[in-house]
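Encoded as structure tokens, the structure appears first; notes follow it.
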Amino acid sequence: MPGFYEIVIKVPSDLDGHLPGISDSFVNWVAEKEWELPPDSDMDLNLIEQAPLTVAEKLQRDFLTEWRRVSKAPEALFFVQFEKGESYFHMHVLVETTGVKSMVLGRFLSQIREKLIQRIYRGIEPTLPNWFAVTKTRNGAGGGNKVVDECYIPNYLLPKTQPELQWAWTNMEQYLSACLNLTERKRLVAQHLTHVSQTQEQNKENQNPNSDAPVIRSKTSARYMELVGWLVDKGITSEKQWIQEDQASYISFNAASNSRSQIKAALDNAGKIMSLTKTAPDYLVGQQPVEDISSNRIYKILELNGYDPQYAASVFLGWATKKFGKRNTIWLFGPATTGKTNIAEAIAHTVPFYGCVNWTNENFPFNDCVDKMVIWWEEGKMTAKVVESAKAILGGSKVRVDQKCKSSAQIDPTPVIVTSNTNMCAVIDGNSTTFEHQQPLQDRMFKFELTRRLDHDFGKVTKQEVKDFFRWAKDHVVEVEHEFYVKKGGAKKRPAPSDADISEPKRVRESVAQPSTSDAEASINYADRYQNKCSRHVGMNLMLFPCRQCERMNQNSNICFTHGQKDCLECFPVSESQPVSVVKKAYQKLCYIHHIMGKVPDACTACDLVNVDLDDCIFEQ
């Protein structure tokens, strides 16, 4: 692994105060330069001070040119990072030690320092205190030139973020994409910490064979890396979880002041590693195979509601591993006390990071869902304001959401579990409910209907039961159909008996014997019964069952309103042998239509209503 010298160069930000008497051409050169970020950068250009950056870029370019000249190593590795400190802007310049020994480093740096003053500052030395200095092994006199290895970059420089981080340059292949990309920086830092933790784990010394918890050792770095690795494996993100997992380990790290200071930093680093390198199945799937799953509470709830536990477990496992693509959500639907919240709560608390949807805050409903392993939507409703973002999240798409008092953040594909006793596919907009998004929402969900109420002493699902259930699912995977409603039953057909097991059927007793065909009554043809037929049976010559509409049309009061006659041949055709009788009525009063037309109709229902005779009413008192 190559070694690097570190030179810290302070950059003037106040030209009048730090460079008294500097020319106007220098000021114009600094002020006119405009910087733009490369396309692959996710940094905020508004947080970058462009005037000091112009000077810093010129300083690092001329410094590296002179370094290659004195070291006679044109391909020497370097990493330069420009930062905004509390008092001054400064650069960390890491240059490979190849070609320059420590005893002559001061001589060469003095020459480079003078070159920078003459070429860049026009002969005016900055008034910044100790503006050009090499890092020493210790402060004060007597310290040697410090040589750092490549781990210094991911340990100290890469974790820097804006606004402290301003810019970076390098010719090292592994860090080219991370110079101006904060996401790549986080990934490399997490990868480095994981690698170091695994290395320390492999080289454990004096480890207690009866416990996998870390203990205090003589080497601080080894102890710290061992601690971080153990926290990551156990999914511990807080001191409370640490105490619950291993109380002796937590107390041992609080015994000394130097180890006590590592607790918060170790938990923070472990959280970063877990969020970047781990997924939900790493903590949901148990390590040991399960022999008897029948006592598992999740198994009992699914079986109680008519689901095949093996098929349902495969749905849960595929959901956690994100193997169903767009169908990224499990919806547990049912009334209260059916176990839906019991299951969802246990799954959410088994992973180190889970987020809850705050559907009551329509402005920032997904504020808590960034960088999580599982998203839990508890007893909510789908509103018109959040439905589009919700469809993207439920479908496992990358989407940016607004956060309170922060800039928008991206939610990566994350498994979602929904619990509700209302229709989550109906979109509520004010006082109206629409179903235009019902099919897209159903295409993103697996729906479990839990309708059986649990006993009051059923108990809570534990983390270990969740891990055992997912482990059992992994060992008994079956093919899952991509459908909204998870099929129930799952009962397997019994195999057909062998020939030896088939016995002769018993003789039927005469008292319960079925009548023969000859004894059965002849079927009735209702087509002969109806003179008028409805539009459904108008062309039928054989009707095995009665029709309510045909019955109504063959009552005495049934008259064709269009032609004023019964048994209308045009509307309800019958055989030619049956005559059509026309019913003619005499009206004293006419309805307003026939009154205007001046024509007396043969039959009219409106005229019947005008000429009602109470003597003919069967309900007359």
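Keep in mind that glycine also has a Cβ here, set from the backbone N, Cα and C atoms.
What Swiss-Prot lists as domain 'PV NS1-Nuc' is 1-199, and the listing cites sequence analysis. The divalent metal cation binding site annotation in Swiss-Prot covers GLU83, HIS90, HIS92, and the record cites sequence analysis as its basis. The active site, for nuclease activity annotation in Swiss-Prot covers TYR156, and the record cites sequence analysis as its basis. The feature motif 'RCR-3' is assigned by Swiss-Prot to 156-160, with sequence analysis given as support. Sequence annotations record features per position, and here Swiss-Prot assigns region 'Disordered' to 196-216, 489-520. If you look up Swiss-Prot, you'll see 196-211 marked as compositional bias 'Polar residues'. Among the features that Swiss-Prot reports, domain 'SF3 helicase' is placed at 308-463. Residues or ranges marked as ATP binding site by Swiss-Prot on the basis of sequence analysis: GLY334, PRO335, ALA336, THR337, THR338, GLY339, LYS340, THR341.
Remark: of the binding-site residues THR337, THR338, THR341, the most isolated position is THR337 (fewest other Cβ atoms within 10 Å of its Cβ). Ranked by how many other Cβ atoms sit within 10 Å of their Cβ, the binding-site residues GLY334, PRO335, GLY339 place PRO335 at the bottom. Across the domain 'PV NS1-Nuc' (1-199), mean pLDDT in this model comes to 88. For HIS92 (divalent metal cation binding site), the same-chain residues that are 6 or more apart in sequence and have a Cβ closer than 8 Å to its Cβ are GLU6, VAL8, PHE79, VAL80, GLN81, GLU83, LEU157. Within the same chain, residues at least six positions away from LYS340 (ATP binding site) with a Cβ under 8 Å of its Cβ are LEU332, PHE333, GLY334, THR419, PHE448, LEU450.
Cβ proximity to the ATP site centre (mean Cβ of GLY334, PRO335, ALA336, THR337, THR338, GLY339, LYS340, THR341, cutoff 8 Å) flags the following additional same-chain residues: LEU332, ASN342, THR419, ASN421, LEU450, ARG453, LEU454. Taking the centre of the Cβ atoms of GLU83, HIS90, HIS92 as the divalent metal cation site, the nearby residues of that chain (Cβ within 8 Å, site residues left out) are VAL8, ILE9, GLN81, PHE82, GLY85, PHE89, MET91. Following the DSSP three-state reduction, the secondary structure of THR341 (ATP binding site) is helix. The Cβ of ALA336 (ATP binding site) lies under 8 Å from the Cβ of ASN421, each of which sits 6+ residues away along the same chain. Here TYR156 (active site, for nuclease activity) is positioned 53 angstrom away from PRO335 (ATP binding site), judged by their C-alpha atoms.
Per-class residue totals from DSSP over the motif 'RCR-3' (156-160), listed helix then strand then coil: 2 helix, 0 strand, 3 coil.
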